Amino acid sequence: MDIASKTLTLPLLKKMSSTTFLFFLLINIAMAAAAATTLHTGFYSEACPKAELIVRDVMKKAMIREPRNGASVMRLQFHDCFVNGCDASLLLDDTPTMLGEKLSLPNINSLRSYEVVDEAKEALEKACPGAVSCADIIIMAARDAVVLSGGPNWEVKLGREDSLTAKQEDADNIMPSPRANATFLVDLFSKFNLSVKDLVALSGSHSIGQGRCFSIVFRLYNQSGSGRPDPAIEPKFRAKLKKLCPIGGDGNVTGDLDATTDVFDNKYFKDLVNGRGFLNSDQTLFTYSKTRKYVRLFSVAQGEFFQAFVDGMIRMGDLQSGRPGEIRRNCRVVNKPASGQSDWDFRTREVVIRAIGKTEEENGPNVIVDDGLLVVKLISICVLLGWILRRVQRLWSFLGNFILKALETTYRN
Ligand code: HEM
Ligand SMILES: *[C@@H]1O[C@H](CO)[C@@H](O)[C@H](O)[C@H]1NC(C)=O
Ligand SMILES: *[C@@H]1O[C@H](CO)[C@@H](O)[C@H](O)[C@H]1NC(C)=O
Ligand SMILES: *[C@@H]1O[C@H](CO)[C@@H](O)[C@H](O)[C@H]1NC(C)=O
Ligand SMILES: *[C@@H]1O[C@H](CO)[C@@H](O)[C@H](O)[C@H]1NC(C)=O
């Protein structure tokens, strides 16, 4: 009977050995912690008080080098936040085992200025190693790009973590095409709890930057397969675009998204009213009645545009996946174990640090010892679970004995 109960209980319990169990427990705690992350302003006031100044400085230099860097970095916020939340997933380079977002259709040969984010990260790692996430760098830098182009200023909420992975098809499935119509865009933005007003205001980001001929040739020559150009394009503007983007020409040639491409202003909306939108997804906002009223409003009231844009950027910056994350050391790759450290040790350690909510740099290398209270809590949870496990084991062996006895009785009879 003893043997019988052992064969029943031991293999199962051995499989759920204490280390595995502890690991699952920690993962759960970390996920709960990640899901509960609340973003707030001034997040780095202790861990890295100069974080925002450092990013602003890098952006200033990058935009002096090339004004378009502002637009290109600002666009990163949109492409990051819409795909699994603002988690810097789009910054991960491909690896042999992971196809990231960079080569997805909406991003390839189009997103640029990744190296500006790298520069900011490098400067931040020097000033406060391991403290500031790449996801937060994107949010700060996007705001700075707007300010430095003459747009509104605002306080950004910070405290995001960087993803541990990325998936090319996620970007392919989510990011809208330049061909999209207003109905589709209203619907897409509503899936992210962004209103019609948010959509129109955020599209005003196209007040700065450029787009490729690749993104507009269909509307110049064959709108919706009609064999004709988009009738919403004003004729003189169409002639200009056709010259820039002839049939069979280089799809990588770029044109300005509005007439004052380095200045963040409401000229974009004035252009839309005059049929001079660059992308189909721009001009459609004036064709469709629900969005047209906001285009009209913003074209005559720049203050209204700025306020709605700031509100939209903050709402878009709030998108989070709730998945566990980390503070990447290099925005292009997930953190790796130090040499000699096993992968398991490394991940567990990261998970514990995340669960406790403090980085090594904030508390010194003995973070786990320093945070005595939380360690005590963790240990007591483990002890409690161990106790429950033992009760289950007893119940299990009791049931085993019971079944065995029943079998014995039946067999004897
Ligand atoms: C409403 C849906 C949107 C669509 C369909 C869209 C599409 C596009 C396309 C096709 C381009 C040109 C890319 C190329 O030709 O290579 C572009 C550029 C740009 N987009 Fe959007 N976009 C949208 C919304 C947004 C939002 C919400 C933001 C930011 C808040 C944004 C920021 C930018 C910027 C700044 C550029 C210029 C980038 C540069 O010069 O490098 N876009 N967008
Ligand atoms: C808008 O685009 C969607 C998806 O591409 C399409 O199904 C729909 O018919 C279009 N609506 C209009 C009014 O063109
Ligand atoms: C949108 O809001 C609803 C209700 O507040 C919420 O359940 C949902 O998770 C939100 N969706 C996103 C993508 O934030
Ligand atoms: C326009 O697009 C339609 C549908 O995609 C295609 O069948 C047609 O051949 C195109 N016409 C031209 C002139 O490219
Ligand atoms: C743009 O340039 C890239 C790299 O040089 C090339 O692979 C791509 O095919 C070009 N795209 C278009 C639309 O011409």
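Using N, Cα and C of the backbone, Cβ positions are placed for all residues, glycine too.
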Handout entry: Second cysteine of the disulfide that TrEMBL assigns to Cys134, among Cys331, Cys382
Key = Cys331
Handout entry: Neighbouring binding-site residues, C-alpha within 10 angstroms of Thr261 (Ca(2+) 2 binding site) - of Asp80, Val83, Gly85, Glu101, Pro176, His206
Key = His206
Handout entry: Reported mean pLDDT - the domain 'Plant heme peroxidase family profile' (38-335)
Key = 98
Exercise for the section: Indicate the candidate from Ser89, Thr261 with the smallest number of other Cβ atoms within 10 Å of its Cβ, considering only these binding-site residues. Expected result: Thr261
Problem - Alpha-carbon distance [Pro176 (substrate binding site); Asp87 (Ca(2+) 1 binding site)] in Å - result: 19
Practice task
Could you name the residues, excluding Asp258, Thr261, Asp265, of the same chain that surround the Ca(2+) 2 site, i.e. Cβ within 8 Å of the Cβ centre of those residues, in sequence order?
Solution key: Ser207, Ile208, Asp256, Leu257, Ala259, Thr260, Asp262, Val263, Phe264, Lys267, Tyr268, Asp271
